Every structure is written in C-alpha cells, then in structure tokens.
Amino acid sequence: MVTSSFPISVAVFALITLQVGTQDSFIAAVYEHAVILPNKTETPVSQEDALNLMNENIDILETAIKQAAEQGARIIVTPEDALYGWKFTRETVFPYLEDIPDPQVNWIPCQDPHRFGHTPVQARLSCLAKDNSIYVLANLGDKKPCNSRDSTCPPNGYFQYNTNVVYNTEGKLVARYHKYHLYSEPQFNVPEKPELVTFNTAFGRFGIFTCFDIFFYDPGVTLVKDFHVDTILFPTAWMNVLPLLTAIEFHSAWAMGMGVNLLVANTHHVSLNMTGSGIYAPNGPKVYHYDMKTELGKLLLSEVDSHPLSSLAYPTAVNWNAYATTIKPFPVQKNTFRGFISRDGFNFTELFENAGNLTVCQKELCCHLSYRMLQKEENEVYVLGAFTGLHGRRRREYWQVCTLLKCKTTNLTTCGRPVETASTRFEMFSLSGTFGTEYVFPEVLLTEIHLSPGKFEVLKDGRLVNKNGSSGPILTVSLFGRWYTKDSLYSSCGTSNSAITYLLIFILLMIIALQNIVML
C-alpha cells in the first residue's frame, strides 16, 4: 500500500485562510471507492433493487464526503461507476439510470426531488453537497428519451450516457458531462460530439472528463488550452498497465505536462488491477494512493493552488524537442533489438555500462539518454526504448515514447513486460527526444509502484532530469508523447449516433455514384 499523508495542520491553515477571504488555494478531496457490485445477472433487476444497491454505495460515499468537509475540503471527486459497477448490457443497466437535466434549468434536487421525474439518487447527492457545504462530483447514468422514428434512436427508445454531475454547496446542479470516449461500455451511447463542460467557483475554474477521455485532444486539451481551466475533475475506473500506464504514473504526468491540477478518483478492485487515486499539481503529486493488497477505500486530501498557471512556482512552457534536435546524436548501438510494450513494437538498446550516453531511434523519433548508476545490479537489465506510431490493438492513438525501463528478467525478450520491483539506483539521468508533438507527459516510476515527487524536473529544452542526487530504484523514466493530429479516425466502443448517420450518407452517395456510372 502506498499512501502519502495529509497533515491536519494543512486543514487548520486552510480554514483560517478561508475565513479571511483568501481564495489563492483550497483543499481538495478524492475518494477511491471499493464498489459494492450487483449480483451477476443477465436479466434486469427491478428499479427498487437497483436503488437499494446504489444507496449502499452512497452510504459509503456519504461517510467520505462528511469526513472531507470536516477537514476543510471545498470539493470532492468520487469515482466512475462508483454507484453500481461496470459490467452491464443496455438492458441490465437501465434500472440504474435517471433523467439528468441540463444544469441551465437551475435545479436543486434536494429541495425539489420530483421536478424531473423519479430522481432519488440525484436528490440524495444534492443533499449531501448541501448539508456538508461542499462541491460533490459523482458519476451515474443518464437516460434521454428519443423518437423511435429517428433512425439513430436505440430500440428501447432511450439514449444512455455515462455521466458526471457536480452539485455546489447549496445542492444545485452546476455541471453535467456525458463521457465521449467509451471503453468497452456497450451499455452506453456516445454523445454527438465531445462536450466541453466547465464551472466557476471562488477558488478557480474547473473542467470535467472521464477515464479514457484523458488520452484524446477533446475534451481534455481543449479545456486547458481554450477554456483555461485551473483544475480538472477526473473520475475513473482505471485498470493499471505497467510499465507506462499505471494510474498514478500517467495521471501525475498529465497534470505536469498540461500545467493544471488533476483530481483523480479511481475505483478500487484489486482483481482487475483497479487502484490509484491522487491529487496532482503541475509541479508534482500532492498526495496519491496505490494499494493492491487490501479491498479498502481511501480518502485523500491536499491543499492546492487555485490558479496554478499564474503561480511562479510552476515551470514555463517547454520546447520538448529543443535539446534533442540540436545536439549531435550519441552513438547508435549496433545491438539495437525489437521488443514490445503491450502490442507496440519498440526499438530497444541495452545499458551495458554503469554510465554512458545512448541514442535509439524509430523512424523520425530519436531518444537520447545520459545516465550514471550508483551501482549496476548484476541481475537487473535496463534498456532505452523508442516508439512512434499508432498504439495498441485498436490503432487509434498516435504515440511517441522515449523510455528507460527495467526488464522483467535478464532475458532481453522480457523487456517491456510488467515488473514491480527494482534495486538499481541512478545517480544521474537525462532523457530527451526529437518529438513531433508539443504534448509530452513526463513519467518517473520507482520500485513497488511509487512516484518520485521533488526528485526530477523538466527543463525548458525538453530534458527530463533527476534532482538532488540519486533517486529510489527505478522501474521507468519516460517521456510519453501524444501526437493527436496523427490519430486515426474511429468510433468509441459504444453507439455513436453521428457516426452511424455519416456512414449511411456515405453509402447512399456511393450507390448514387455507381448508378450514374452505369447509366453512362
């Protein structure tokens, strides 16, 4: 179990600060929730049984919300799928859904629970926010009736959406977000387009998206670049994948790369590798939690800056390829070999010596590493790897990755496979790459899945370097680039109304064109 602590003195300080009207910082909370799951069934349960299960989960969330408020938290994020779990069909999830209105309707469900039909879950969540004077983000399912004569309307007459809601300190619904990038969620529909949802508070502007959304330009990058949000609220049901995509590793890197606060609440389910929540700032993690040993939930709190981009403590813009494109490449090793991380083919070269300078390239991406180990463990092998291309089985997202990583064994065929422990410490490392994208996320992961706050930094010229001498034993040091403009076209793992419409139009036009050719 990995947990960084939250000192009570911070809560006291924040309360005093708020009393004198300062809004430069606030206390945030996230809760990692071990979801009480429904019994496995292929037939829908009754609406009453669905509500009973959701209330069991809300009972647990209520305790966390009250504890967070008592410690001075102004806002709390709870996880994706926290009320009922994740394994459903369209039919079996339906009893759990409510009609969630647009926040423009000016609604406090706690005071008017029947205004939009049967909405007991929304009413209870609203009351929890109101009674504890805290902003609450929760994830639940939204259902929207549609006209059966509309070709995009599903057979049951409803669009169904994976949805985040936010209630303010008065219990008012202030934000609603429908997840766009679904991941193996046949129970839900894909919205017509990515929604760009923000809301303002006395302690900053907030944006919202969910889980798999974080890998794409919309909505996340647009919220930061065009809507200038200070903090992202991020509920997720994240399954950890070593070596590059553990929750705490990638989420802390995203916050640093984008220059915003990221409040992450993950579900907790060890058998599915679901754990890893945190409160991340642009200069590193404030608090995080990773626990693969217990089935317990965890409340995390930390003070964060309300407007991190305006703080002098945070770095200025990085030119990610400035250093790598101006230096003379280090000697490219003759023994470069091919290996895989998940399904992605990397070019690797081994770190044979205790210290050195290495370059490994793949197509247009060259990765440069300077390093010095304190002592090279004989039973551990490290490699420098490069990958540029469309990622994974779906081949949707274009990645550019430079990574220093420990191989699972001394057999080079195991390089890129998951490994959780290491003994080798590095006195110095400097990693850079000839990235074609400005969106690069710096990752450092230590033995037993620890982060390394305050032990590394990104220089303005794009180098990821260690600070203050040696680090803990290293699992990975990576620069994870996303080249969004090279992504392939796709539809998410749900039902996209617009995608179906465009496909039908395209087929119709092709038929007309062929008919015209035949007539000629």
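Glycine residues also receive a Cβ, built from the backbone N, Cα and C atoms like all the rest.
The number of other CB atoms found within 10 A of the CB of Glu80 (active site, proton acceptor), across every protein chain shown, is 25. Positions annotated as active site, proton acceptor by Swiss-Prot, on the basis of sequence analysis: Glu80.
The annotation active site, proton donor is assigned in Swiss-Prot to Lys179 on the grounds of sequence analysis. Cβ-based neighbour count (10 Å, all protein chains) for Lys179 (active site, proton donor) stands at 29.
Look at Swiss-Prot and you will find Cys211 tagged as active site, nucleophile, backed by sequence analysis. Long-range C-beta contacts of Cys211 (active site, nucleophile), restricted to its own chain and to partners at least six residues apart, with a cutoff below 8 Å, comprise Glu80, Lys179, His181, Tyr183, Phe234, Pro235, Thr236, Ala237, Trp238.
The annotation domain 'CN hydrolase' is assigned in Swiss-Prot to 31-306 on the grounds of sequence analysis.
Taking Cβ-Cβ distances under 8 Å and a sequence separation of 6 or more, Asn39 (N-linked glycosylation site) has no neighbours in its chain. What Swiss-Prot lists as N-linked glycosylation site is Asn39 (among others), and the listing cites sequence analysis.
As annotated by Swiss-Prot, N-linked glycosylation site applies to Asn273 (among others). DSSP assigns Asn273 (N-linked glycosylation site) to coil in the three-state reduction, outside any helix or strand.
Swiss-Prot lists Asn347 (among others) with the feature N-linked glycosylation site. Non-local neighbourhood of Asn347 (N-linked glycosylation site): Thr336, Phe337, Arg338, Val360, Cys361, Gln362, Gly385, Ala386, Phe387, each in the same chain, at least six residues away, with C-beta under 8 Å from its C-beta.
Residues or ranges marked as N-linked glycosylation site in Swiss-Prot: Asn357 (among others). DSSP assigns Asn357 (N-linked glycosylation site) to a strand segment in the three-state reduction.
The N-linked glycosylation site annotation in Swiss-Prot covers Asn411 (among others). Asn411 (N-linked glycosylation site) carries neither a helix nor a strand DSSP state and counts as coil.
Spatially close to Asn468 (N-linked glycosylation site) yet at least six residues away along the chain are Gly454, Lys455, judged by Cβ distances under 8 angstroms. In the three-state DSSP assignment, the secondary structure recorded for Asn468 (N-linked glycosylation site) is coil. The N-linked glycosylation site annotation in Swiss-Prot covers Asn468 (among others).
According to Swiss-Prot, the feature GPI-anchor amidated cysteine maps to Cys493, an assignment based on sequence analysis.
If you look up Swiss-Prot, you'll see 1-22 marked as signal peptide, on the strength of sequence analysis.
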Asn411 (N-linked glycosylation site) to Asn273 (N-linked glycosylation site) - Cα separation in whole Å: 26
Integer average pLDDT (0 to 100) for the domain 'CN hydrolase' (31-306): 98
Alpha-carbon spacing, Asn273 (N-linked glycosylation site) to Asn357 (N-linked glycosylation site), which is rounded to whole Å: 36
